[in-house]
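*Asks:* Below you'll find the structure I mean.
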Amino acid sequence: MTGKPAYKRVLLKASGEALMGSQGFGIDVSVADRIANDIKQARALGVEVGVVIGGGNIFRGVAVASKGGDRVTGDHMGMLATVINSLALRTSLHKIGVDSVVLSAIAMPEICESFSQRQATAYMDEGKVVIFAGGTGNPFFTTDSAAALRAAEIEADALLKGTQVDGIYSADPKKDPGATRFEQLTHEEVLDRGLAVMDTAAVALARENNILIIVYSIHENGGLADILQGKGRCTIVSDN
C-alpha cells in the first residue's frame, strides 16, 4: 500500500446480499473475511472507515408488508438483521487485527454500544473502524438512507456503495447486454433518470449535504483500496 489515498474518511455501504456469497441466504464467512481484508487495506492507507451493512441476506421488512403484514414490525426485524451482519463483520475484522466497534441505532447494551454521533467520530479519530447497525433506527427508511445519514454525521469525504456491478449502468447489465456504464453523474441526473443505485431519499440526502457517492464492485479483491487511490472501475456521483 504505497499510493496516496484521495479521501481521509469514508463511509462504506455494503448490501446484506453481498455477505451471502453463493449460498442464497445468510452469511458466507469467507465473504465477510474478504470484505474485512479490503477494509484492512483501506486502513493501511490511513483512511478512516465507517461501514453500514444491509440485512437483505437475512430479512427484508418490505417482504412482510407485501404479504399484508405490519411494515413497522417488518422493518424492525430487518434492523435486527443488520445487527447480525454487523457483528459478523466485526468478528472478521478482529480476526485480522483490525480494531472495530459496532454502534447500533437500536439500544441493545448487552450486544453492542448505542449510536451517538460524538462517540462515532471519536472512535474514528482513534483509528477504529465503526460499523453502524440498526439502520436509522426508524421504520420506512432503507439502509441506503442510513448510509447517507451516517456519512453526513461523520462528515465523510465520500460514500462508497459496494454493489454487484462496477458502477451505475443505463440498465441492468445482467439483463441488458447493451447497458452502458456511466463514468460520472450528478446527484440530480441520478434522481431524474431514476437510476437504480440507491433509493431517492438517500441520493437526495447526499446531494443536500454535498456528499460524493462512488459506486463500485464489492466483489473485486482489493477493489476498495483501488477506489480510495483513484483507481479501479466505478461511477462517481458528484455535483462538483
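Placement of Cβ uses the backbone N, Cα and C atoms for every residue, glycine included.
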*Asks:* Of the residue ranges 21-26, 183-188, 219-224, which one carries the region 'Involved in allosteric activation by GTP' annotation in Swiss-Prot?
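*Replies:* Residues 21-26 are the ones Swiss-Prot records as region 'Involved in allosteric activation by GTP'.
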*Asks:* Just to be sure I read the record right: Gly55, Thr136, Gly137, Asn138, Pro139, Phe140, Phe141, Thr142, Thr143 are listed as binding UMP in Swiss-Prot. Which of Asp38, Asp70, Asp75 is listed for the same site?
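*Replies:* Looking at Asp38, Asp70, Asp75, the one Swiss-Prot places in the UMP site next to Gly55, Thr136, Gly137, Asn138, Pro139, Phe140, Phe141, Thr142, Thr143 is Asp75.
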*Asks:* Please list, in sequence order, the residues in the chain of Lys13 (ATP binding site) that are at least six apart in sequence and whose C-beta is under 8 Å away from its C-beta.
*Replies:* Val51, Val52, Ile53, Gly54, Thr143, Asp144, Ala147, Leu159, Leu160, Lys161, Gly162, Met198
*Asks:* Between the Cα atoms of Asn138 (UMP binding site) and Gly56 (ATP binding site), find the distance and write it as a whole number of Å.
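*Replies:* Roughly 17 Å, rounded to the nearest whole number.
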*Asks:* For Tyr169 (ATP binding site), which of the binding-site residues Gly55, Thr136, Phe140, Thr142 has the nearest Cα in space?
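*Replies:* The smallest Cα gap between Tyr169 (ATP binding site) and any of the binding-site residues is with Thr142.
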*Asks:* If I take every residue in the region 'Involved in allosteric activation by GTP' (21-26) and average their pLDDT values, what number comes out?
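*Replies:* Value for the region 'Involved in allosteric activation by GTP' (21-26), mean pLDDT as a whole number: 88.
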*Asks:* CA-CA, which of the binding-site residues Gly55, Thr136, Phe140, Thr142 lies nearest Ser15 (ATP binding site)?
*Replies:* Gly55
